[in-house]
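Working notes for the structure below.
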Amino acid sequence: MNLENYKVSVDNLRKKCNIDNMKFNTTADIEVSSDIIGQKRAVEALEFGLEMDKKGYNVFVAGEIGTGRSTYTEAIVKERSKEVGPPFDWLYARNFKKPDEPMALYVKNGMGKMLKENVDKIVERLKKQIPEIFMSKEYENQRNILIEEYQNYTKDAIDKLNEIAKDYGFVFQKTERGLISMPVLNGKILNEMEYRSLSEEEIDYFRKNSAQLSIETIERFNELRMLEEEYRTKVKELDKKIGFHAVDYYIRKLKAEFSHNECIEEYLKELQEDIIENINHFKGDNMAPKQPLPFLSKNPTNFFERYEVNLLVDNSSLESAPIVVETNPSYYNLIGRVEYKNEMGLLKTDLMKIKPGAFHKANGGYLIIQAKDLLMNPFAFGALKRALKTNKVNIEGLDKQYGYIITSTLKPQPIELNVKVILIGDMYTYQLLYHYDEDFRKLFKVMADFDIEMKRNDRNIMKMVELVALHCKKEKLYPFTKEAVECLIEYSSRICENKEKLTAKFNKIVDIVYEADKICRKEDKKLVDKEHVQETIDRKISRNNKYEEKLLEMIESGDILIDIENKKIGQINGLAVIGNGEYSFGKPSKITVTTYKGKKGIINIEREVKKSGSIHDKGVMILNGYIGQRFAQKNPLSLNANIVFEQLYSGVDGDSASSTELYAILSSLAEVPIKQSIGVTGSVNQNGEIQPIGGVNEKIEGFYKVCKLKGLNKDQGVLIPHQNVKHLMLNDEVVEAVEKGDFHIYAIKTIEEGIEILTEVEAGHADDHGNYLENSIFYLVNKKLEEFVDKEDEEKKGD
């Protein structure tokens, strides 16, 4: 066979970036732009969700960290908010009918502060003016008329009482205790001492007469009480009349400012009625009734706190819809709270201690929350769903949720909610919520999916250039040359493992930009060049590749057995990827296979010791299907094949070694050695077709490092699936080694191609009768399997 037919050309090992056609010398020449890069689908979905004003069209922005999901979401929402006017101001004021349920009031933005200030001014003015009014001559004259009238009526009533009392030996007198009857003897009113000195007969006489007098004067006393009540009512009506004229002027003036606002009109009406009802407090008479709920006032003696207005949300400074990014979406931070003050062991509160939550602040606009932060806060997600389902924000304590019982508290009226919620998280979180939470499906009908990669075309390359220029200007970094930008573009393709793509994880690119600028400054240069970018990338690797270096040391010392020169039967070098977060690298692993007759088929030793993952198990089972389909059409399969990853103690998963394992099985059965100088990776299906795998660059570079460590012999290389050629973005050292002929990359489509490269023996094809070319790999495998069957038959006959 001709190996050259399978070798990957140097041009396909890495796609160089050439932006000579772009008209700039450094990023300082670029007009910066903060446009969104390569996320058309996500942007369209997000904009659609923001435009929909129907219930349930909230948005879940899904994407990996670093794709700009948060930054771009905030930018898009900011643009959208400009098309929406600022929302209402929200206030809480005393509910005079239900004091423990403060009234929720809304006014046009900027008017909330005016309402609060005007109510405060009205109360303060009335506190000064009302005492003056009630000290005026006009008020004194009107009240004196009522007093004189009352006194005349009571004098006549008392005179009539005394006419009756005279017949019983008594007279009525006014005392501090009110109107009482006094005994009269010989024309003299007796005092208490004189009364006690009377004889028993005389005292008994007065007692009987007193009882009879009481019966006779009941109606007269009722008349007196009615006169007193009538007098008090007239005085109160006079006070209210005077007070009404004082208050009405201010209230009517304030109502005119808030015409057509029913809730404000209702509040001002109740405010006016309450002031008039409690006019004595403004007179300074200290005749106010006690608070029905004393704990609701921070100072029970301060009656006028009942007229305070709590400006909960002040949107006076806004010119567009509010955007709230809640970084700590706890239960109370979302829906607000009622705070308390401990006084003498009692928890006290008032409506001024009602504090807004994120929903209140974002009402009429947009609320952005990280899904992970929301789900980590107890009760927060439930509160969010309730608010969105009811379109109301209801401030409730968690005492009931926890089973606590506390003194009564304020229960503010719920506020009407009109908000667009944007949750930001990864796709895994979205899938969990979508499948297991019915409410979530109804409330978040739009999903904006941020991609992790984009096409590598001139438009997106230019957008990447603009991104670099933007950060250079924003962070005052040195400009990047064209060559430096080209290096960044190539690094971007390497991150997403596709030479035709660029990564959308922009944070990884921005980190390199910042670090390259630092290196440039240390060298006292004024332009960031390719060398600075490459050194940054190399330093990033160096900071994180300690484990890789330790493994290479163990390979070099012979502690880890890796053969890269000889030919071995049933032994092959598989390739795996190991990652430690910031850095991933390829590591060769010796895979060995032993075969013998039996009925167990292929035995995955890693699985037997519970070191194998489910995907690797599936890959091994596929090998059973391949061997059975190809070699057990005529005879039953009699085979035991043990597969093991030598010196592997941490476990294995994935199917990228399935073709590697199959080559080792075929080698063992055919008793044809495999070249250890070639590392192998690739998945295989039951038809023997090679399938693509991940981490191809790391695997190739990892095997190259081992070969370089032990000595390059121009025969070494790596076998990869042909589909992975487009993913190749190898480092310059490997590309140079391939160019010199010191190392080789082979791309194959089938098991037949791979086994021929590894053994330098023809695979063989079956003729119409199912026979393979003599001494080909498949001929030898089939021959060995037939021998196993024959031996098994002989053993059965012997039994």
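Cβ coordinates come from backbone N, Cα and C, glycine included.
Marked as active site by TrEMBL: Ser656, Lys699. Among the features that TrEMBL reports, domain 'Lon proteolytic' is placed at 566-761.
Looking only at the domain 'Lon proteolytic' (566-761), the predicted model's pLDDT averages out at 91.
Counting only same-chain residues at least 6 apart in sequence, those with a Cβ under 8 Å from the Cβ of Lys699 (active site) are Leu575, Ala576, Val577, Gly586, Gly679, Thr681, Ile693, Val718, Ile720.
Its Cβ taken as reference, Ser656 (active site) is surrounded by 27 other Cβ atoms within 10 Å in the chains shown.
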